Structures are given as C-alpha cells and as structure tokens.
Amino acid sequence: MDRIHITGGTPLNGTIPISGAKNAALPLMIASLLTGETLELINVPRLADIAALTRILGNHGVDHMVVGKRPGQTAETGQTVRLTASNVIDTTAPYELVSTMRASFWVIAPLLARFGEAKVSLPGGCAIGTRPVNLLIMALEKLGAEIEIDGGYVVAKTKNGLRGAEIVFPSVTVGGTHVALMAAALAYGTTVIDNAAREPEVVDLAECLIKMGARIEGAGTSRIVVEGVARLGGTRHEVLPDRIETGTYAMAVAMTGGDVSLVNTRTDLLASALETLASTGTEVTALPDGIRVRRNGGGISPADVTTDPFPGFPTDLQAQFMALMTLAKGQSRIRETIFENRFMHVQELARLGARIRLDGDLAVVEGVERLKGAPVMATDLRASVSLVIGALAAEGETQINRVYHLDRGFEALEAKLARCGAQIERVRA
C-alpha cells in the first residue's frame, strides 16, 4: 500500500493549477446516460473515483474515449472525455461496482428516466455517518417511480414514464438535487424542486443539461423548476474548477507561510471559506485567472467555523481548516452540521501534537506552538488531506499511510505541492 513521506517546515511558493471539480464531473458523467448522443466533458480530473465511475458506465454499455492532450498540457491538466450511451445494454448497477463509490448510485435517475427501469445496489464510499439515500428515493417516488428494496438493491420502475411533481426536500441534499434534476429533465410536465441544493456543482449540472436541451430555471437558488422534454441531445461542456481543492491548497499556504497563486479557479466558488481564511491573518487576493494566497510572517489568528450548505462554509474543507487551527494563537471552535462522524482526523492530528477536544458535533482546538512529524493513517478523503497540510507545517518527517483515499479526490497532489517547494514523496508499495 502506497505511503506519502513529507518533511515539513518549508513555506510554499509558486503556482498551483486547480483541476476540474470531482464533485461536478461525477454527475456530469452520469448525465451521459440521458441521451444516445455524445457528451464531451472538458477538464475532467484524473482520479480513482472518475476511473471507478467510468467502469460503472461501461458496465451499462456507455462508450468512453479520452481525447489526446492539447499542446502545452501537463500531467496536472484535466482530460477531455467523450461518453456515448447509444447502446445501453444493462440497467443494473451491481454491488461490486457501486460499493466502491457512493455517487455511482445516482445512475438510478437517468436509467429510470430514459429506460423506465433501473436496479442499483445500495452504495458504498466514504464512511461518513449514515449518509442515507432515502431522500433520493423519495424524489423518484414523487415523480411516479415504483420502488422496492430487494436483496441490497433499489429496484425502480415506471409503467408510463416519470411525471412532473413538486419535490420538497426536508433538508438540503446535493445528491438528491442531482437525482431530481436528471430524472425531471425527461419527465412529462413540470417539476418543482423546493429546498434544492445551491452548490456550484448543482449549477454546473443544470447548465450542462440545458445545453443538452433540458428546460431548467432557478439553478443556484433553493427553488428549481424543470419542464420535462421528450429527449436530450449531446453537447460539449467544461467542468467547473474544484473549489475544495482550491480551499485545500489555500489553507496549506496559510499554514506553512509563503505565497502561492492558485490558477484556473474562481473566488465566488468558495467565498465563505476565503473570508474565514482572511480572518486568520492570511492575505487572499482575487486574480484574473484565480486567487493569490500569502502569509509572510505573523501568527495564525484563531477563527470559529460552522459548516453549512452552500454558500456557507463547506463541510469538505472542515478537516483542512482544523489542521490550520492547530497552529493558531488561541482557541477555535469548529461545528460540523452536515455529516455525522466527520471528526475521524482528530485522533491522527493529535499524533502530530494537535490539542483538540470533541463534544458531539463540536471540536474545540487549542492552538499549539508547533507540530512534530509522526506516522499517521488516513481514514477518508478529506481527513487524509488534512494530515498532508499538518505534515507540511510540522517539524521533521511525517509518514501518511492509506493514501489511496487521496487518489480518490486530489489530482497530482504530490507534483503540485512539490513544484511549490514542498518536500513530499510517494513511496510505492
């Protein structure tokens, strides 16, 4: 099993290109099942989760082609992928494939909407609380689907096609909003989605669906209206920048000191996180093609954070921000309101010398003067990258085990950090 070795204490300086967002690319790839024409996606990151979904789509009969690199592209540049679902041979998504990644469960929506049936295994993926699929199933039932759970599979059918309806989510759900959008796009009549997720990745999916011929209004607000159409066509769409990768590297710069330009990204994708970061004494400046993050000298000021759905502070940056706060000059309080059991990184950060106390959904961080390198173990995607951030600032060497979690969500992480001066190396098993 691969490990990452980091010798900390070096400020980061230079430029880091931001990849396309995994959390946008996954639903966009799944949307290829809505049409028999080709969907071309630009700036798709090279990640384990992308490869896993490609296998799942291939199991359904979707043709997949990676277009060659353009001049000037590097290994850190996203790929262009063409997906064609003109010969779907199977509407079953088996356990051995779906269990590798939760988002693959979303294939149930386009399969049901286009073919009238789907049999999809209950999902796997990061073990963060329960993360139930009940809201996704509720949305499909509102649209007229007949659903039963049989042998660990969700079996969905519709006799005469899906029909528009009012869907009111009791809590904000990104996955539920993705599923509702894709299903409603091919449903008869009008669908209203209330308490819809407002995340940029939802907007990106809606914009792609509109290019494919869908009629959608209100994406980016809590009320989305979808007028179903008879068919969707192919299109070409560029995946939006990864706001979580952007925030992760911004916090790494803040923790180590230095001056880094994050390019191919936008401030509006994570305004709340950048505002919080600025309150810690880090200089954050918008650039024409990205964001400049600088902290040259001076201590890290403590700040309190509560995770919230967009436009609030992202839960996917909670672990990274906690790592930053371990070196703050004072106490900070971090409350997690989105997922249960998302403090699994606390025990491993403590191995580096962090002082963190947990009380339910609240983590109280007492800043320390320094961290010291130690062997640590990644438990999930975001926890693993928080350990990378901590290790970059720690004295001495840190060995991070189980880094396959990182490969699920961060493209060319070692190369991007190394080009800014980090002493980081992957040791192959």
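Keep in mind that glycine also has a Cβ here, set from the backbone N, Cα and C atoms.
Per Swiss-Prot, the features are:
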| type | residues | note |
| --- | --- | --- |
| BINDING | Lys22, Asn23 | phosphoenolpyruvate binding site |
| BINDING | Arg102, Asp316, Ile338 | UDP-N-acetyl-alpha-D-glucosamine binding site |
| MOD_RES | Cys126 | 2-(S-cysteinyl)pyruvic acid O-phosphothioketal |
| ACT_SITE | Cys126 | active site, proton donor |
Taking only the Cα atoms, work out how far Asn23 (phosphoenolpyruvate binding site) lies from Asp316 (UDP-N-acetyl-alpha-D-glucosamine binding site), in Å, as a whole number. 11
According to DSSP, which kind of secondary structure is Ile338 (UDP-N-acetyl-alpha-D-glucosamine binding site) found in, if we only use helix, strand and coil? coil
Which Cβ among the binding-site residues (Lys22, Arg102) has the fewest C-beta neighbours inside 10 Å? Arg102
Between the two most separated Cα atoms in Arg102, Asp316, Ile338, the residues recorded as binding UDP-N-acetyl-alpha-D-glucosamine, what distance in Å do you get? 16
Neighbour tally for Asn23 (phosphoenolpyruvate binding site), based on other Cβ positions within 10 Å of its Cβ: 23
